Each structure stands twice: as C-alpha cells, then as structure tokens.
Amino acid sequence: MNKALANIIFTGFMFLLFTFAWIEALNFTRLAQFFPLYISLAGSTLSLVYLLKTLVDYKKETTAEERAEHILILKPLRYIGWVIGYLILIYVFGFIISTAVFLFVFLIYESRMKVMQSLLSMAITLVVVTYLSAAINIEWPASLLGL
Amino acid sequence: MIESAIEALTIVLDPSRLIYMFLGIGIGIIVGLLPGLSGTVGMALLLPFVFGMDPYVGIALLIGMVAVIQTGDTFPSVLLGIPGTSGSQATIMDGYPLAQQGKAAKAMGAAFFSSLVGGVIGGIALFLTIPFAEPLITAFSSPELFMLTMLGLSMTGLLAGKSVFKGILAGLVGLLLGAIGSAPAVPEYRYTFDSLYLTQGLSLPVVAMAIFAFPIIITMLTDKKKVTEAAKLEGGALQGVMTSLKNKFLMARSAVVGVIIGFIPGLGGSVVDWIAYGFGKKTVKNNTFGEGDIRGVIAPESANNAKEGGSMIPTLLFGIPGSGTTAILLGGLTLMGLEAGPSMITTNLDVTLSIVWTLVFANIFGAILCLMLIRPISKLSTISGELIVPFLLVLLVIGAYQSSLSWGDLVVFVLIGLFGYVMTILDWPRPPLLIGFVLAMSAERYYWISIERYGWEWITNPLVIVLAVVILVLLTGGAIMKRFSQKVESGGES
C-alpha cells in the first residue's frame with residue numbers, strides 16, 4: 001500500500017478515535033469529564049487539521065516517484081497471525097502445551113531449524129521457564145482447559 | 001554523623017551481610033533483564049523472606065536488589081529495543097540504534113558506568129539530604145507537582161521528531177489511554193465499556209512493552225534481519241566507559257535530575273529517564289539523539305539509578321512511598337521491626353546509613369557484574385530475528401501477564417502493539433505516547449487538587465513560576481542552553 005495513503009487512513013482513524021472519546025466523555029459527570037473531554041477535543045481538532053494537511057499534500061504529489069514509497073501488508077499480517085495464534089493456543093490449551101507447540105512449529109517452518117535442534121531448543125526453553133516460574137513465583141496465563 | 005557513617009560501613013561490609021547483598025544484586029539483575037518484571041515484582045518476591053530478619057541483613061537483600069534493577073534492564077533495552085523495566089524506556093532511543101550499528105558493547109559499557117556513577121551520586125544525595133529533608137519535601141505540594149508533570153509532558157515536544165503534529169497527537173493518545181479506568185476526582189469509571197479489567201486502568205509495563213516490543217518483533221521477522229546490521233561487533237565495554245568519563249558533566253547533570261525527580265513523591269519514576277533524556281538533548285552540543293548518540297544512553301541511565309537514592313528520602317524519613325517498589329519496602333521495614341519516619345534519622349540512623357552504603361556498593365558491584373556479562377550477552381544482537389523472536393515472544397507473554405495476572409493484559413498487549421506497529425511503519429514517534437500515558441493520572445490529579453484547594457492562586461506560587469520558566473526555557477531556549485553547555489563541556493564530548 002502507498003505509505004502516504006496509509007498515513008491518511010491512520011490519521012482518519014485517530015480523528016475517529018478522538019471524536020468518539022469526546023462524545024463518550026459528554027456522558028461523564030463534571031469532575032470526571034474535564035480531563036478526557038479537553039484532551040480528546042484537542043486531539044480531534046488537531047487530527048482533523050493534520051488530516052486535511054496530509055490530504056492536500058497527497059494531491060500535490062503527482063509524480064510516480066513521489067508515490068513510490070510503499071508499506072508491506074501481507075507479510076506483517078502473517079507474523080501478527082503467529083502472535084495471535086499463539087495466544088489463542090494458550091487460551092485453550094494452557095501455557096506449557098501451547099509454548100511447546102508454538103516453538104516447535106515456528107522453529108521448523110519460519111526459522112528453518114532442523115527437527116532435533118527445534119526439539120532441543122523447545123525443551124531447554126520449557127525447563128528454563130518452569131524453573132523461573134518456581135524460583136521467582138511467576139504465574140502463567142489461565143486456560144479454558146485449566147492446564 | 002561521620003562516625004555513624006563509618007560504623008554503618010563496618011556493619012555493611014560484614015561478610016555474612018555482604019552475601020545477602022550479592023544475592024539481592026543477582027535477583028535484581030535477573031528481574032531487570034526480563035521484560036515486564038519490575039522492582040515491585042522483585043520486592044514482592046523477597047518480602048516473605050525478610051520477616052523477623054536482622055534489619056541490616058534484610059536491608060542488604062532488599063536494597064541490593066532495588067539498586068541494580070535499573071542497571072540490569074539495560075540489556076533488553078539496548079540489545080532488543082525492549083524496555084527491561086519502565087525506567088529504561090528512554091535508553092532505547094539511542095541504545096538500540098547503537099546496537100544496530102554493531103556498537104552494543106560500547107553502548108552498554110557507557111550505560112553501566114553511567115548507572116554506577118548515577119547510583120553512587122544517588123546514595124551520596126540521600127546521605128547529604130538527611131539533615132535538610134523535611135523543608136525540601138514540604139515545599140512540593142499539588143501545584144508544584146502539577147507543574148512537574150507539565151515539565152514531563154513538555155518532553156513530548158522535544159521527542160516529536162520531524163513532525164510536531166504527529167508528536168503532539170501521539171502524546172494526546174497517551175493521555176487518553178491514561179484516562180481509562182477510575183477518575184481521580186470522583187468515584188466514576190471512564191471508557192471501561194463494562195469491562196472489569198479496564199476499571200483498574202491500563203498497566204504501564206504492558207503499554208510500554210506493546211508500544212516498543214511488539215513492533216520490533218514483527219519488524220525483525222518481516223525484514224529478516226538481525227538486531228545489528230554491522231558484520232561484526234565494534235567497540236568494547238571499555239570504550240563505552242571512556243566515553244562516559246568524557247561526558248562526566250552530562251552524567252552528573254542527569255544524576256542530579258534523577259535524584260530530584262526521585263525525591264519528589266507522586267511523580268513516578270517512570271518519567272525520570274525521559275526528563276533526563278530531554279535535558280540531555282537540549283543541553284548537549286552537536287547531538288544526534290535518536291540516531292545512535294551514546295550521550296542519549298548516558299543521560300537516562302545515570303538518572304534512573306540516581307533516582308533510587310532520591311526516592312529513599314521521602315520513603316524512609318516520612319513514610320511516603322513514591323512508587324510501588326518503595327511502598328513494598330515500607331512493608332519490609334515493618335516486617336523487620338522498623339518504622340519509617342523521623343526515627344530513621346534519630347534512633348535508627350545507623351539503619352538509614354547502612355541503606356546509603358548498600359545503595360553505593362550495590363551499584364558498584366552490580367555495574368561491574370553487568371560489565372563482565374556484556375561480551376557474551378551482546379552476541380544476542382548478531383542472532384537472526386527468526387531465531388530469537390519466538391523465544392522473545394514467550395518471554396513477552398509471560399512478562400505482560402505478570403502485570404495484573406489477567407488475560408486483559410495480553411489483549412491490550414496485542415491491540416496497543418498493533419497500534420504501535422502502524423505508528424512505527426508510518427514514522428509516528430512512539431515516546432510521546434508513553435510519556436503522555438505515564439503522566440496522565442498525575443496531571444489530572446494534581447490539577448484537580450490544586451484548583452479545588454487553591455482556586456487559581458496557585459499560579460503565583462514562586463516554585464510554580466520557576467517551573468513554568470524552566471518549561472519555557474526548555475521549549476524555546478534550546479539554543480541559549482546549548483551555547484552555555486558548549487562552554488561547560490568544551491572538549492568533553494565523543
């Protein structure tokens with residue numbers, strides 16, 4: 001996607017966020033209202049001004065060279081998917097099983113590690129994490145299955 | 001008092017107590033190394049063990065741990081661009097770019113030496129302030145604290161980067177995120193959408209990790225690169241130490257900033273590194289802060305260790321904890337049969353002085369230990385992103401969950417992380433967002449108390465006016481201060 005266009009969309013999102021925030025703030029009582037209301041009104045106004053400025057700048061950029069800078073979309077989505085997938089696994093199966101599965105599969109498919117190396121890395125990580133958990137009382141996320 | 005100080009020194013150097021101090025130092029460095037774990041976690045971990053302990057032994061353990069957390073947290077900040085604790089956020093700004101240039105060892109050498117100097121200055125400040133603490137602390141009431149939060153917020157302007165619009169908007173998003181949860185002026189929840197988790201507000205470690213760590217793990221994977229772009233690691237720790245020595249005035253200035261901010265209860269230690277960074281940026285000549293300037297590492301690292309000495313003053317002498325860590329320390333003192341307050345400078349003066357010595361020694365030993373670990377640990381920056389990211393993600397998930405032991409932390413980590421990632425690829429500055437978030441609650445609370453208690457009269461308080469002038473000078477008088485700094489630091493820069 002064109003970076004300038006993505007910036008316009010993101011600024012538009014900021015404008016909507018601040019606008020929603022000040023509309024929501026109108027429902028608070030006076031003492032709870034003043035801070036978020038003024039902050040979000042300022043944000044809403046400023047983001048609108050910046051949005052208009054970027055739109056004008058975007059229209060001025062007529063040459064292909066000026067619009068050449070692009071940002072990746074699919075590739076980041078793939079890795080964001082890994083993160084979200086790992087969290088969903090934890091939510092269902094618990095931390096230890098999910099970490100074992102996630103590490104093994106990721107190291108094989110993304111890191112191109114050999115099976116034995118992946119298994120060894122996974123095992124060492126689990127031992128270290130379990131030891132740390134016991135030694136300094138670290139808790140793991142709760143899961144649906146209670147594992 | 002000198003005699004008491006010497007007596008306290010012999011107590012601290014007793015081998016049976018030194019062992020506990022080293023144990024505390026070891027735990028402190030591990031806690032600092034692991035992203036998401038803070039001094040509060042370390043304190044909570046050690047607290048059960050100090051029950052009924054000899055106070056000098058218990059203090060060696062607790063203070064030994066607290067003193068070095070800000071030293072150990074430099075490793076993830078420099079090597080991975082992930083804040084080890086909330087006190088090392090600003091270190092990322094130049095530490096990570098230096099690591100990308102293959103200068104991780106040099107950056108960490110400078111950081112650890114600055115931490116050592118800052119920590120020792122903090123200990124000395126605690127020692128020197130004992131006789132004058134009371135009038136100094138009472139000079140800061142809500143209007144002055146409000147102005148100090150404004151001073152912190154003014155740093156967003158300095159850190160906005162190329163676009164002031166983007167910087168201010170990012171700061172406003174941070175302030176808005178900080179408004180989530182209970183309102184300070186009235187028992188009412190805001191922006192919680194009937195979620196129990198949001199009533200507590202968002203947690204700072206989670207937001208800091210999401211804003212800085214999430215974008216880095218995705219970028220490392222998409223760009224298929226290592227942290228360092230250089231073929232081999234350049235410069236050693238000693239080079240970093242020498243650079244710090246050359247910038248001795250910057251180190252000293254930043255340490256003083258750290259002591260002052262730490263000394264003021266209620267401002268929060270999370271902003272001290274940003275303020276020191278901002279001051280550094282404004283006062284150092286020919287700087288390239290944000291692009292891998294080693295002075296951008298020296299300033300926050302000196303300040304965040306010095307802060308610990310400053311924060312002990314209100315904690316020990318008045319029982320006013322400035323942070324979660326010092327609040328738990330107060331509990332620890334009680335468990336050891338001590339009570340914070342005026343008795344700490346009368347009947348228990350030797351205990352207070354042993355804290356001063358422990359702070360000094362723990363900072364020295366902790367920094368030496370970290371300096372010894374630089375070489376092996378800095379090799380992390382040469383490992384490919386695809387190999388390091390999965391392990392990093394496991395650590396981040398554990399770290400984020402420790403904040404409130406709720407799934408909400410992990411959801412917030414992903415949502416704000418995605419926001420931070422978009423900001424990164426579109427060149428929006430992230431530090432202003434974090435500064436806004438850190439200071440949102442303090443800004444609102446102190447503004448409200450000032451208005452309720454003094455109307456608008458507080459604006460004429462002498463200290464308020466002084467702070468307003470400082471803010472104006474920082475925002476507009478950079479050129480004058482740079483010229484002054486050039487004279488002071490002539491020949492002292494790298």
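Backbone N, Cα and C atoms are what each Cβ position is placed from, and that goes for glycine too.
What TrEMBL says about a protein is an automatic prediction, not a curated fact.
Annotated in TrEMBL:
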- B:18-37: transmembrane segment (TRANSMEM)
- B:18-434: domain 'DUF112' (DOMAIN)
- B:43-69: transmembrane segment (TRANSMEM)
- B:110-133: transmembrane segment (TRANSMEM)
- B:145-161: transmembrane segment (TRANSMEM)
- B:168-186: transmembrane segment (TRANSMEM)
- B:198-222: transmembrane segment (TRANSMEM)
- B:316-335: transmembrane segment (TRANSMEM)
- B:355-374: transmembrane segment (TRANSMEM)
- B:383-401: transmembrane segment (TRANSMEM)
- B:407-426: transmembrane segment (TRANSMEM)
- B:463-481: transmembrane segment (TRANSMEM)
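It is B:43-69 that, among the stretches B:43-69, B:198-222, B:383-401, B:407-426, forms the most Cβ pairs under 8 Å with the transmembrane segment (B:355-374).
Segment contact holds for the transmembrane segment (B:198-222) and the transmembrane segment (B:18-37), given three or more CB pairs below 8 angstroms at sequence separation of 6 or more. Stretch with the largest number of CB pairs closer than 8 A to the transmembrane segment (B:18-37), among B:168-186, B:383-401, B:407-426: B:383-401.
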